[in-house]
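Only one structure is covered here, and it is reproduced in the block below.
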Amino acid sequence: SQTEPYTCGACGIQFQFYNNLLEHMQSHAADNENNIASSQPRSPLSVVEEKWKPQLQRNNTNNTSASGSVGNSSIPEKERQNIAERLLRVMCTDLGALSVVSGKEFIKLAQTLVDSGARYGAFSVTEILGNFNTLALKHLPRMYNQVKVKVTCALGSNACLGIGVTCHSQSVGPDSCYILTAYQVEGNHIKSYMLGIKGVDLRDNGDFVHHWVQNVLSEFVMSEIRTVYVTDCRVNASAFSKAGMCLRCSACALNSVVQSVLNKRTLQARNMHEVIELLNVCEDLAGSTGLSKETFGSLEETSPPPCWNSVTDSLLLVHERYEQICEFYSRAKKMNLIQNLNKHLLSNLAAILAPVKQAVIELSNESRPTLQLVLPTYVKLEKLFTSKANDAGVVSKLCHLFLEALKENFKVHSAHKVAMILDPQQKLRPVPPYQHEEIIGKVCELINEVKESWVEETEFEPSTKKPRAAGEGSAAQEEDWFGKNEVYDYLQEPLFQATPDLFQYWSCVTQKHTKLAKLAFWLLAVPAVGARSECVNMCEQALLIKRRRLLSPEDMNKLMFLKSNML
């Protein structure tokens, strides 16, 4: 039998483990102390008298004693905590500051600032505060717990059905790390919280990563919370499927589609030597000078996500900037490279690959929901490859291969289908009519799966809902039909012509479409792509700390948590 959860008396958040509750309550206490201390209005004179009495006394007796020093006891513990907090904020702004804050120049700066406050009495910074790294890291657990309690409260007070969680690896050179992030809707915006970071060990199997994810999540949310996981190809999806729905990162999936078709060994085995030659020439043209972006300009205003590492980028660059590249190599007297280029094949391949890259960019948008775009993207690319599969020659062969790779690598989950319906501009429009009933059935299945979660949340319950009476079976059947009727009522409403703010829309129709609104606030917060733009920088800094052994893995994880969630 499952034990009762432990509940925090201050905020009502529940925990599976008593130790997590204790840690959470200690963070509440520390937070309250700081709030009380900072909210009490005090005159400058009283602050001086309370905190700087020893220095004032010294200044009264000897006003010129700028070179004297006082013992560590002259600074109250609260003041040391404030200084430690400022240091941690400096570190989180740039983790390179880990080595800077102990350097001579930083100490000189701090000393100058202290000397400028001569009315409190000058003193030696190193004697009073000691090593800045040591001071900051001493207070790291306290500050980590303070920020952690805020993240826990935010995730625990989630009024929606559940959360989205991404577990995605990011490579920097030969090393990689996993970044674990939680997503939910707050107000009408998606809010993300980086919960943990961990170096990738090649000996780790999928189950080990799954256990790490579950251990970290248990510190922030109850196990009952419904979770949609988004993972990359390194993570064993079957292990995560036991704990919730598990989707593959859409950018990774499309990357695999392109890589599997344009892999040079595969092309060679299929006697597509002209494609191999074209890719080689494009790589030489775009990359040999090392000036592709600087010389010819970037292809797009918005960059693709860090997990898009396609062989197509040089090909698309050459196609987009063909005239500038010809002029560049003409001046450099290297026209032989241009003469080896199959311009016709280049144009045909670019017409296939440019929409794939554009789809990746749209799916990785971090400012608005994206999960509802996955199925329409699949349909759009399937139509594109099918339409060109009837062309003559090598392009036809490639499109047949792209169709096979799309079906094999770009899997559409029921969550993608439900999310598409929840976009009032799309609903069922992107898919053919014969799929409509199946997708409506998926929506109703999900409503029935999660309806227990609504029992105690009356603000989302429709006012006309009937309580269950003695006829349990018939009442349940009626409730199932009610869910289906709500879906049909919603689908019969006219489509939006303009792109709506999805969360604003569902906020307005919550009373009318209660069950669908609950699904929308959960599923539309889940990103289609697991890697975010800051992942590369975060992973670089984490691996730098690891290589230089600046911090223990535990302290590194806490500092990265602060960097992501405090600033």
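Cβ coordinates are placed from backbone N, Cα and C, and glycine is handled just like the others.
The compositional bias 'Polar residues' annotation in TrEMBL covers 56-75.
Annotation comment: TrEMBL describes 6-33 as domain 'C2H2-type'. Packing against the domain 'C2H2-type' (6-33) from elsewhere in the chain are residues 142, 145-146, 148-150, 152-153, 156-157, 218-219, 222-223: each is 6 or more residues past its ends and has a CB under 8 Å from a CB in it.
The region 'Disordered' annotation in TrEMBL covers 53-76 (among others).
The region 'Disordered' annotation in TrEMBL covers 458-478 (among others).
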Do you know the mean pLDDT across the domain 'C2H2-type' (6-33)? 73
What counts of helix, strand and coil residues does DSSP assign across the domain 'C2H2-type' (6-33)? 16 helix, 4 strand, 8 coil
